[in-house]
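Worksheet: one structure, shown below.
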């Protein structure tokens, strides 16, 4: 069916005056598992009835009190499908990612810095800048346009309006997606003072700039910041008020509550501007959920299919993405004005780069559990916009079991008891590359209808800004 036909079909729903969404369970929208035996006629159907009324009931144009934005880094349709096939089966569904009632697709190109023309394959920095500021920029830039001009982020605007703010990631907190909310630098590589002096000197404190990503993160002072990246906090400030002190010492002196494991995170009962929370759970990126062999040349033919195994480094001392999401919501929801929270499942992308299907799939399952927590809160609270999307598409493909692919492959045993082959073949280098196909965006709650149809990544900024009534 053409997109124009779908859009026309939705027009009566989108223009029906609705001021308040109904909150009872809507199984026709939320339960999308196959109805029965997939070998029987109708058994693979996911619809249990007409969804027109349920879609209408899900619409709301009232202001949102809270927004929870969940990003699957590198989570294109292929990554979602592969994870669903493996973990839930072909007829299964994700209770978070697949349960949001309103779905669309968005474009996500970057810009060439010199020409201003489209760069059809974005990186995470330009991508996150697009939804956090509403401005297209060049690959590698954070919080600035192609002319290197700063633009305020949705987190900065929410904080200025008195809302609580949160920034959660399984990556280093200096990595592109979390950094885009709090930093304005000409290169995403400027994690700490030393790298900033070398790679983006105009941003360095000694040159009158705003400092490194980590220094700007501390200045942004989100109420809750959770992730990896502890290593950079050991660097010493080379200029400014905190010159000679490590960034960790600076955080402590400025009143941050520092936690480093699941138990200490669990013990925190409040986080606000007087006592912001900074959780650093790894020197670099946080450990992934599942392990398995990387794809190799003709790996699906020369090697047996495998089942992914738990990562022993992801023990009980390491909070999961769902646990970090839960704690962030618990703490931020104490602000009567509301909150903005971004949650990133970062290593879908990183494991896709590494051609590691088990790593990639496990991180997608992790994100789904975080989405479930966000939806549970939103349905109970009644005034929260939940959005789930990605920053860019990626390299993995599902191919036939006997394919002699020119790239790297690995066979997996799925929940169905069948074999699924993952293929990675868009780079001869050690790292696979991003791709430029449009991405899924789905939402629940006030203003969720604005993700329907074809939008651009920058539209997400304006949708969130309008939903929260930010100026």
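Placement of Cβ uses the backbone N, Cα and C atoms for every residue, glycine included.
What Swiss-Prot records for the Zn(2+) 1 site is 349, 353, and among 298, 434 the residue it adds there is 434. Of the listed candidates (57, 61, 73, 77), Swiss-Prot assigns 73 to the same Zn(2+) 2 site as 391, 392. For residue 434 (Zn(2+) 1 binding site), the same-chain residues 6+ apart in sequence whose C-beta sits under 8 angstroms from its C-beta are 74, 121, 122, 123, 349, 392, 393, 394, 395.
One way to see the shell of the Zn(2+) 2 site is to take the Cβ centroid of 73, 391, 392; the remaining same-chain residues with a Cβ within 8 Å of it are 71, 72, 74, 75, 108, 122, 124, 127, 128, 177, 349, 390, 394, 434. When the Cα atoms are compared, residue 391 (Zn(2+) 2 binding site) and residue 124 (active site, phosphoserine intermediate) turn out to be 6 Å apart. Residue 353 (Zn(2+) 1 binding site): 22 other CB atoms within 10 A of its CB, across all protein chains. Cβ environment of residue 73 (Zn(2+) 2 binding site): 124, 171, 177, 344, 345, 346, 347, 348, 349, 350, 390, 391, 392 lie under 8 Å away, each six or more residues apart in the same chain. One way to see the shell of the Zn(2+) 1 site is to take the Cβ centroid of 349, 353, 434; the remaining same-chain residues with a Cβ within 8 Å of it are 73, 74, 124, 350, 352, 392, 394, 395, 431, 432, 433.
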